[in-house]
Amino acid sequence: MSEAKNRKRNTAKAATASASLSPVDAFDGNDDPSNANGTLHHEDALKEISQVRCEEINSAPGYLSSWLNGCSKSFAFNIEIDAMSTALFLLALLTRMWRLEQPRSIVFDELHYGKFASLYMKNIFFFDSHPPLGKQLVALAGYLAGFDGETEFDRIGGSYSPSVPLWALRFVPALFGSLLVPVTYHLALSLGLAQLSAVLAAVLVLFENSLLTQSRFVLMEAILMCFSALGLLALLKFRRQRSFTFSWWFWLILSVVFLTCSLCVKYIGAFSMFLAVYIMARDFWKMLGNSSISDAKLWAHFIARAAVMTVVPLGIYLGVFYLHLNLLTRAGPHDNIMTSAFQASLEGGLASITRGQPLSVVHGSQITLRHTHGRACWLHSHPHVYPVKYPDGRGSSHQQQVTCYSFKDVNNWWIVKRPSIKDIVVSDPPDVVKHGDIVQLIHGMTSRALNSHDVASPMSPQHQEVSCYINYNISFPSQNLWRVDIVNRDTEGDVWHTIHSHVRLIHVNTSQALKFSGKQLPDWGFHQHEVVTDRFISQDDTVWNVEEHRYTKNSDEKERERDMVSAEFVPLQPTHLTFFQKMWELQYKMLLVNQENVQDHVYSSEPMEWPLMIRGIAYWISPVTNAQIHLIGNLVTWYTATICLFLYMLIFCFYLLRRQRLVYDIPEDTFEKFKFGGELCVVGYAMHLVPYFFADRTLFLHHYLPALMYKILGLVVVLEHLDYVFW
């Protein structure tokens, strides 16, 4: 090795050590990073200087000296302005803000996020499958700019009305996209890279086409990525602090705050949290092998990290949803996704049409039965019958079809009847139905009883068919008795109540529960959903609740039919749900329902295509000039970074093999820096990419952008190492 090359390496090593403490030195034998490289910690130096100055001031005559007697516990404030970081931020701000209002049309998913901001302005409840923090930030900008929400977001490419403060709405993602550039710069420095390498990483992010495009419109990825990068940066700074000092706690908590904010923008922010947990576990594993650290201190480290990683995310997550649910108090377009009780808690929801609806279900009650969990649909029947034979050769009962229908309809009405009472008019006093009672359900429009029997259901042959019984004068007796099982009777009581009581209807003859199967019937069933009975009773799809409810007051069948046809379908007084009840239901629905999933989208893509950017996305096309906006990446960056990730793994395996033979090609600190920097990038990249291979939903190229950031950092790690080795 030449003398000039040695001088170069020693100079680079000294510069790196003086700039920042390497991540691999975070834990030494004394668990004190301040002495890891034999130099005085920066904060200690400031403290000594401050104390010397205090002693000089204390020697001054008069009252000034006595006033400063206690300055031994002085504070030192060190304000630094990083010129490079500032320049990168201003340059990013310029590229993201230039002509921000162009085009003044709805671009891609601005259709959704603009609509959500509009609904926030009007306090109208909406449903989205991702947490609301990013949408709240956009709505806040709109609120401060005077947005009234009175705008229709009807189609991609539609023009914004003059009343929409478009610059303010787009400012939020543009600001976060601009911040991502200097944060990337500091991330690279925190990985121990040279300043030139850190600048290269920031410049690659700055001029990355896909990140630039995503930052200029009302989309969530820029906000998500900025919070994730800030959380990772704070975590790397935390690793350099002396244990259990103020700065140690500060950076740990700040890291978790930013990572939780990322999670609260989109659930894929959880991948960044998993990466943080991986880094913490990696460091803790290293501490376990250090015999100079006591068991008590190891437990203290574990408990501190576990407590912060539990309490802080939970508090922020609940706080974001508390704000969300307290802002959105009025009924809106997505109410039918939620349960009846949730809808009834909204202003103008289930209480908007009819008031004074009876609470208790009794003999003679006219009800609609809603599937409580999962898909919103109502128990339904109509005069059509099951086909005699199915395409697979199986026969049916040829009885009247019973389905679950996703819309309000007069055929959703059923009458609750005691088997021993012929008249179905409500008596005085009413005969209340309770848990364990046996009832019949009579279809309101056809007057046939809900029935089940030992015949396989059409779409789920392992379950029994459900029908309304038709007497064909053959030896096929009716089996139309059902036992009421109130699931939540511990909180709601034994009486069957409207809205609140969650019930299972158990078929008396077979002890099977009435169930929504989730499968769709073919043309003969009008593509409505199948209803069956299932031996496995304790499952969500067997739970129903009464939504509409009225008392039967007329014994004449024709009069009853006229009453049902004219009945309103959104009854009940407003109900009150606690925050945690609403929060739990909303979380359940968010995990179960995906409003944004569009099957067979022309610009959808697969994760295997993303690293080589085989397919982009057309975000907007001008109807006048044919101008277009496409999401497409920088080909040089994407391909080079992909190659560098594989190259890193080859180089690292080469070093491992050589070191196994006790051949050390590079100094230990250089190897550790290369190992940690590349490991963080490869693991971070994999954590943000691999889960999509198992996702059962429509995917787009923009889902790849969080992984792209780690790929860019990995590119710079490899390039700097190659420069160190060969030049």
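Every residue gets a Cβ built from N, Cα and C, even glycine.
Some features that TrEMBL has for this protein:
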type	residues	note
REGION	1-39	region 'Disordered'
COMPBIAS	1-11	compositional bias 'Basic residues'
TRANSMEM	187-206	transmembrane segment
TRANSMEM	218-236	transmembrane segment
TRANSMEM	248-281	transmembrane segment
TRANSMEM	302-325	transmembrane segment
DOMAIN	358-419	domain 'MIR'
DOMAIN	430-487	domain 'MIR'
DOMAIN	493-549	domain 'MIR'
TRANSMEM	636-657	transmembrane segment
TRANSMEM	677-695	transmembrane segment
TRANSMEM	707-726	transmembrane segment
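Taking residue pairs at least 6 apart in sequence, the transmembrane segment (248-281) and the transmembrane segment (677-695) share three or more C-beta contacts under 8 angstroms. Counting Cβ pairs under 8 Å that are 6 or more residues apart, the transmembrane segment (636-657) and the transmembrane segment (302-325) reach fewer than 3 and are not in contact.
At the 8 Å Cβ threshold, with sequence separation of at least 6, the transmembrane segment (187-206) comes into contact with the transmembrane segment (707-726) through 3 or more pairs. With a cut-off of 8 Å between Cβ atoms, the residues of this chain six or more beyond the transmembrane segment (707-726) that come close are 9, 12, 180, 184, 187-188, 191, 193-194, 197-198, 200-201, 204-205, 208, 210-211, 225, 228-229, 610-611, 633, 637-638, 640-642, 644-645, 647-648, 651, 666, 670, 674, 677-678, 680-682, 684-685, 688-689.
In the domain 'MIR' (430-487), helix, strand and coil residues by DSSP number 0 helix, 26 strand, 32 coil.
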